[in-house]
Amino acid sequence: MATLKEKLIAPVAEEETRIPNNKITVVGVGQVGMACAISILGKSLTDELALVDVLEDKLKGEMMDLQHGSLFLQTPKIVADKDYSVTANSKIVVVTAGVRQQEGESRLNLVQRNVNVFKFIIPQIVKYSPDCIIIVVSNPVDILTYVTWKLSGLPKHRVIGSGCNLDSARFRYLMAEKLGIHPSSCHGWILGEHGDSSVAVWSGVNVAGVSLQELNPEMGTDNDSENWKEVHKMVVESAYEVIKLKGYTNWAIGLSVADLIESMLKNLSRIHPVSTMVKGMYGIENEVFLSLPCILNARGLTSVINQKLKDEEVAQLKKSADTLWGIQKDLKDL
């Protein structure tokens, strides 16, 4: 007796298990992981989304909640499991998992605890998707990108930190607000370490090719009567303010990560400020990861743009590199 499905649907091609073309995995289904997931789904970037976490109930609930939105999405398969076999054949894996900083905890201690988490996660990712590109989002992102690179054994063009992509987006938004234009028409770069010691490249800030520093030579300095330096200060403080107000940040970082993924999956060769291995650049001698303008395409992070930086900007980058190395050199089990 034929089933309803057999009566309804007459097959033309043989059924086969298909390997997904553009599978994306998100590791960690906390606020940031789920913001990444919904941003990826909203841009229709993937034909299969896999979620992984250690909290099974939360994981299943998030998966079901997204699956129930399938009618409104163009992603035919959404899966989740605590077992990493669910991530097999991923093109891109986004790592948002990690432990949170406790009150009064040193960064070194926080990093070491996250190293212990990553020692489990990273080998599993590489086991099931040996050809993937890994995007690290967990903080402190520059150090954990280095940790991921070391643990994964992947070439450096396939291990990328979300880095200053969000810092630069915040910078362009705040500048554009002051000027009354859209952020996409206000060009500016935040480089270096994601967060407190990031570097604003004032010499490169422009609108329609007009250098703003040529109009106001004091821009970004302490002598500036218009106090544009405050914009960079606001970029650095904005995450803390959002955390103070709502407890965490998630939407902007989720959108920022989807933006990076789009450049890679669509082979766009767009340029983003993301965290990459900078040894040998700007006189940096250690294996540290910092954000520089990088070309992202289907192969991963394929090139770095040589920006003309001023001496004090290079000095700031070197200082960040030294700070990061100071923590990295004491990490155990890498």
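One is the number of the first residue shown, and numbering goes on along the chain from there.
Heads up, the Cβ atoms here are built off N, Cα and C, so glycines get one too.
Annotated NAD(+) binding in Swiss-Prot involves ASP53, VAL54, LEU55, GLU56, ASP57, LYS58, ASN139 plus, out of the candidates ARG18, ARG100, ARG270, the residue ARG100. For GLU56 (NAD(+) binding site), the spatially nearest entry among the recorded positions ARG107, LYS119, HIS194, LYS329 is LYS119, judged by CA separation. Among ARG107, ASN139, ARG170, THR249, the residues given in the record as binding substrate, the maximal Cα to Cα distance rounds to 24 Å.
Every protein chain considered, the tally of other Cβ atoms within 10 Å of the Cβ of SER44 (phosphoserine) stands at 12.
A distance of 24 Å separates the Cα atom of ARG170 (substrate binding site) from that of SER44 (phosphoserine).
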